[in-house]
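One structure follows; several queries about it will come next.
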Amino acid sequence: MEGAKLPLQPPTYGDLITILSIDGGGIRGIIPGTILNFLESELQKLDGEDARIADYFDVIAGTSTGGLVTAMLTAPNEKNRPMYAAKDIKAFYLDQCPKIFPQESYPFANATKVIRAISGPKYDGQYLHHLLKEKLGNRRLHQTLTNIVVPTFDIKRLQPTIFSTYEVKKNPSLDALLSDICIATSAAPTYLPAHYFETKDFLGKARQFNLIDGGVAANNPTLVAIAEVTKEINRGNCDFFPIKPTEYGRFLVLSLGTGTSKADDKYEADEAAKWGVLGWLSNDGSTPLVDVFTQASGDMVDFHISTVFQALHSENNYLRIQDDTLSGQLSSVDVATKENLENLVKVGDGMLKKPVSRVNLQTGLNEPSNQGTNEEALIRLAKILSKEKRLRHAKSPRGCIAKSNGLIKERQLGKSTPYSRTGSRINSKTSRTDSRTDRNTPDSRTESRTTGSHTFSRPQRQPASRPEAAAYSKQHTTNSIQQTTIHTVPLQPKIH
């Protein structure tokens, strides 16, 4: 199974535009990491052990901790493959979160945290900064293995700054270090310090960034990712097929939440009415102000996308996996004890067994949709992603050339060729070779091309002159293309 080795061709050669979105949520990023581990394992069953999440999605979007996961999945290693497999995310969070969010257990620790919240962020962020710079090095936005979208918020300009691999082609000043982007999108107010850095464009002109957590604007980056793709389509980007505003069935979206505490009835108006600055900044180990901002922005995105997909009868193309029953320390973004982190892994495993849910447009709560479990939905999704990737390869110039070269080899070796998909036989003539060496005799060298699960080897001829070589190439390539018809069966993606 060599499907994983095939590069993902642009959507214009396929039927779908595939998008993965990962919410923010601090240490709760281990939850979508657990879910992605399952999805990647299913893709590996279909396409081999080298299959990675980045091989199947046109866009991966992530905010805050989701931005960190996005970088892990898409940053290239020395072999130009993802630095991390999805299975590595769990170990990363278990090992690093206690160091990023060190827990204090001495007497009056809570009082110290409140005082610190008044004078500065809860954590200095130094370990996180060092870790990301060490792991990501000098890798920049344009180097990711698939397109990514990472929202941040610029507090100097008072507007979102979206780091997008689509935009960096037009605006080089956005080509920041991945480490800076991850630090910025994770800089949650009151928890971690705002992040400043500069970039330069081709002319050497500097641009300043004064950024905080993208969660204050788009904790659920799904809509931002769709917007980035839509902009590229409107610009006439040849990587995309033309799409009408109502054709949401051409999008295939997986949106992963990090869990919420909606069912916990966390705050009440009578209590909040008495809060001052300190009350909104710290309440029973959490930060109500940040909770409200991030939860509100995330829910509005889910509500909007659910409404649009349902209205256009494309709800089967949008899978949102979220758990709104977290409570206590499980709903925290920074209680990085070993016990709590391991419990969050169990939450992720448990979400796989839960039924597929959709937001109730009346209550705003997630309700079962009688479409099986999330695990079953992800298995179906993996099959669709694998088929879409293979379809694109078959219809792309690379796939057509590989198929043509295979037919040329069969003609040269005198082998009978299989029936085409239209039912007609592709004729071939048996040629006889002898021990004489002339300009039309193939030598021993071969050129290998890999497509799908087959490897084709094409003998190389040695024409006497360039005009004859050109004539030979034109004749055989034209014959092969004319005799070969590639038929595709339209996908009807249903992931629920």
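Glycine residues also receive a Cβ, built from the backbone N, Cα and C atoms like all the rest.
Here's the feature list from TrEMBL:
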type	residues	note
DOMAIN	20-226	domain 'PNPLA'
MOTIF	24-29	motif 'GXGXXG'
MOTIF	62-66	motif 'GXSXG'
ACT_SITE	S64	active site, nucleophile
ACT_SITE	D213	active site, proton acceptor
REGION	390-496	region 'Disordered'
COMPBIAS	414-427	compositional bias 'Polar residues'
COMPBIAS	431-448	compositional bias 'Basic and acidic residues'
COMPBIAS	449-463	compositional bias 'Polar residues'
COMPBIAS	474-487	compositional bias 'Polar residues'
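In the displayed structure, how are the listed features positioned relative to their neighbours?
Proximity of distant same-chain residues to the motif 'GXGXXG' (24-29), defined by a Cβ-Cβ separation under 8 Å and at least 6 residues beyond the stretch ends, is recorded for 62-69, 89, 93, 97, 101, 185, 188, 191, 213-215, 219, 257-259, 294, 298, 326, 331-336, 340-341, 344.
Below 8 angstroms of C-beta separation, residues 21-29, 32, 148-151, 185-186, 188, 213-215, 218-221, 256, 258 of the same chain, each at least six residues beyond the ends of the motif 'GXSXG' (62-66), sit close to that stretch.
Cβ environment of S64 (active site, nucleophile): D23, G24, G25, G26, G29, T185, S186, A188, D213, G214, G215, N219 lie under 8 Å away, each six or more residues apart in the same chain.
In the three-state DSSP scheme, D213 (active site, proton acceptor) is classed as strand. Using a 10 Å radius centred on the Cβ of D213 (active site, proton acceptor) and all shown protein chains, the other Cβ atoms total 29.
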Counting each residue once, how many in the motif 'GXGXXG' (24-29) are helix, strand and coil under DSSP?
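Taking each residue of the motif 'GXGXXG' (24-29) in turn, the totals are 4 helix, 0 strand, 2 coil.
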On the three-state reduction of DSSP, what should I expect for S64 (active site, nucleophile)?
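Its secondary structure by DSSP: coil.
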